Amino acid sequence: MKLLDGKKCAESLVADIARKVAGYEESGLRKPHMTVILVGEHAPSESYVKSKIKSCGNAGFEGTLLRFPDTITEAELLEKIRGINADPTTDGLIVQLPLPRHINQQHIINAIAPEKDIDGFHPTNFGRMTLGQKAFRPATAYGICKLLQFYEIPVWGKHCVVIGRSNIVGKPISIMLSNDFDIGNATVTLTHIETPRELLLDETRRADIVIVAVGIPGFVTEDMVKEGVVVIDVGINRLEDGKIVGDVDFENVKKKCSWITPVPGGVGRMTVAALMINTLMAYQNNFDLV
C-alpha cells in the first residue's frame, strides 16, 4: 500500500505555478488575483478560506478575503458580485459555500462571471466541461485528476466507481474520468447512498478505482473492495472526539489497496491546488497568454 500524498502533489503544482508567475512579473505584468467572499461565521469555511489565501501567497498571487455578516441580503451579495465581475484586476472569484439559508446558492453561483468562476460551478463552465471543451473544471474533481496524474495511476480503460452524486464532486469526476482528455477514458459507474447495497457491492468489488464522497465516516469498508484497488477518499468528517476522518475505514481498507489517499492530507490539498491552476488560467486568458 502506498499513500497518494496530496500535500506533496499540491506543493509541486503550486511551486510550478509560482515559477510561471515570477516570469510574468519579470515581463512587467501584475500578479494574478483571487478574491474570496465569506458570508457569516462557519468554522470549516474559515479553515478552507485560510488555506486558499495562504496558497495564493505560495503561488505568487494576490489573495483578497471579503467578509460579510450572515445578515447580508441576497440582493446585497449579488451587487457585491457584480462589482467584482466588473473589476479587471480580479481574475478569479470564489463565494465560499455553504451560504445562509435565506440566500439562494444557485442564484449566487449563476451570478459569477463564467470567466472568473474558478470553482467551476457556473452552468457555462459545467456544460463546457461535460462536452470536453476548455473550461474551469470543478476544483475537487480536477484536483483528483491531477493527483492520479502526478502518481501516474493508470486510468485509461480502467473500471472506476464513484460513490456520491453531488455537483461538486461525484457528477464532475464521473464525467471527467470518462471524457476523452489527458486523464480520462475510464469506464465509470456513478453510484450514491440510495444505490441498493447489493448493487453497490457488485460494482465496488470489481472496481480498479473507487472514489467516495458521501460525508459518512467509514462508509467504504474492507469487504467492499478488491485487492490492488486505488481508493480516493474525498470525505472530511469530524467525530465527537474531534478526530478528522474520511468516508473510508482507512485502517482496514488500506490492507487491500495499491494506493489510497489519507484524510487529512489527501484530496483537500488538491482542491486548493486546482483552484490555483484555474486562477492562473483565468489570468492567462485575461492577458492572452495562452
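For all residues, glycine too, the Cβ spot is worked out from N, Cα and C.
Cross-referencing Ile144, Ile193, Ile260 against the NADP(+) binding annotation in Swiss-Prot, which names Gly164, Arg165, Ser166, Ile236, picks out Ile193.
The binding-site residues considered are Ile193, Ile236; of these, Ile193 has the fewest other C-beta atoms within 10 angstroms of its C-beta.
Around Gly164 (NADP(+) binding site), taking its Cβ as the centre, 24 other Cβ atoms fall within 10 Å, counting all chains. Applying an 8 A CB threshold to same-chain residues 6+ apart, the list for Ser166 (NADP(+) binding site) reads Ala213. In sequence order, Lys171, Leu190, Thr191, His192 are the residues of the chain that are 6 or more apart from Arg165 (NADP(+) binding site) and have a CB within less than 8 Å of its CB.
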